[in-house]
Amino acid sequence: MHTLRAKMLSVVLFTAFLARGTLCAFGYTSSGGNYVVDAGSANTLVFSVSQSSCDIKSIKYRGTELQYASTGTHVNSGLGLATVSISQISGSSKYIKITCVTSTLTHYTVVREGDSTIYLATYITVEPSIGELRFIARLLPDKLPSEYPYGDVSNTNGASSAVESSDVYIVNGQTRSKFYSSTRFIDEDSHCVYGGGDVIHVCIMTPQQESSSGGPFFRDINSNNAGASTNLYNYMNSGHVQTEAYRTGLHGPYLMQFSRSGVPGVKGVDVSWFGELGVTGYVPSSGRGTVSGTATGVPSNLKGVVHFYNNAAQYWAKTGSGASFTSPPMKPGTYTMGHYRNIASTFKPASKSVFKIGEYDGQPTGFRNADKFLRMHLSDSRMSSWGPLTYTVGSSSLSDFPMAVFQSANSPVTIKFTLGSAPGAATLRIATTLSFAGSRPQATVNGWAGPVPDAPNKIDSRGVTRGAYRGYGEIYEVNIPSGKLVVGSNTITISSLSGSSGTTFLSPNFIFDCVELFTT
């Protein structure tokens, strides 16, 4: 009697273990106005999608609810109402595809049997009315409080005050913002939120951003523990330092993977089977081609990047040994090809340089606070003094030169240098990466005021205060007449010039790429 009871108890316990952590039945059911999908994976993944709005309402991984209850996981801020359908497809594997359709958008949510990953794709015919296209997973902060690879820089939980607008905050004496969780497209791998004693990582990966906008160096929000929810993003396009028109068509596939074995990598992702699903706008590898060649002219200390783009798609590749490159598989079309050195268009230094401050790499590399601004606000106490600063050629360190000039904070920057002989006419070249509020550099040489430069192309967005530096990359050249540079001590000042105004770091400003004085 006692032996039989013990055997019955062991069966009950084993059944309970199966229900929590091991293989379940692949398939879907309808319940309470939702489609409930079971991925049939060893580490169980069960999630629910609203049959009216397309919101993901519940995500259970290994039996633990991860979805924030008050707001769903969705495209943009939710589709509101959509026509939602579901189907099971058999191909090289078994798949469940949920299709959500509005008048201008079709969103796909897909699982593959035995895979604890939610695959996604979003097809648009026009840009959404909110002016950006994003996917947001809103998850529980008590289960997934931490962010990879950004740490605390974008964790705004417990904010005591706002520094700027409603998106830069003070937390424990440090400035933090969701904008500080950004990585250039060309450097993207996976970004995750994670937590728990049995550490769970939920990671978003995008194998390619062909229908996004902004090129290889665009960056946008990736994650944010906002307190009420931990948010994980895939930004497909936005007005955050927008430099080209939005692209329509299919964005994706992209994926949200659930892992107990650390951080997955995008290089290990295979989505070639997506062609079996009947997804609008998907072009399989058989309908694509590649471009190979060599792209020379980049100094050995910089990395070359080749960029292909048109109105429908964008691609890029880094140059390798011997400056060779091979593009990713590209959709058919006629493309413009760009060649960059790190980030800026290939731009050779002058052959008769008097001095050069920085490098033509399209970034404020090495300048003061350039090592910090991507992950904190410019007002943060961890920043070095913004000045106004004076840089002396031949004795100052590169970090004595500011990465940016702000009309109401540190304008002008002063450059001092000594000449053994008068060079006659010369050119001062000021290369910039990004301008805010129409700011451009105004140069004065030994009291002689250079001409007023034309206003730069307008970008209607905050930039450097949100960790952005890539704009149109305007380059200004000041032709200095003979006699203005003298034997001995010389002084050049560079100020922020604009018809607009502002306070401190929101005053008109521009970011430096490189400053060079040369003769012909």
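Keep in mind that glycine also has a Cβ here, set from the backbone N, Cα and C atoms.
Among the features that TrEMBL reports, disulfide bond is placed at C54-C100, C192-C203. Under the heading domain 'Rhamnogalacturonase B N-terminal', TrEMBL lists 26-281. Residues annotated as domain 'Rhamnogalacturonan lyase' in TrEMBL: 287-341, 354-517. Sequence annotations record features per position, and here TrEMBL assigns signal peptide to 1-24.
Sequence-distant neighbours of C100 (disulfide bond) (same chain, six or more apart, CB under 8 Å from its CB) are C54, L79, A82, T83, V84, T106, H107, Y108, T109, listed in sequence order. The Cβ of C203 (disulfide bond) lies under 8 Å from the Cβ of Y148, S190, H191, C192, M256, Q257, S259, V263, P264, each on the same chain and at least six residues away in sequence. DSSP assignment over the domain 'Rhamnogalacturonan lyase' (287-341) gives 4 helix, 25 strand, 26 coil.
Other C-beta atoms found within 10 angstroms of the C-beta of C192 (disulfide bond) number 25, with every protein chain shown included. A mean pLDDT of 97 is what the model gives for the domain 'Rhamnogalacturonan lyase' (354-517).
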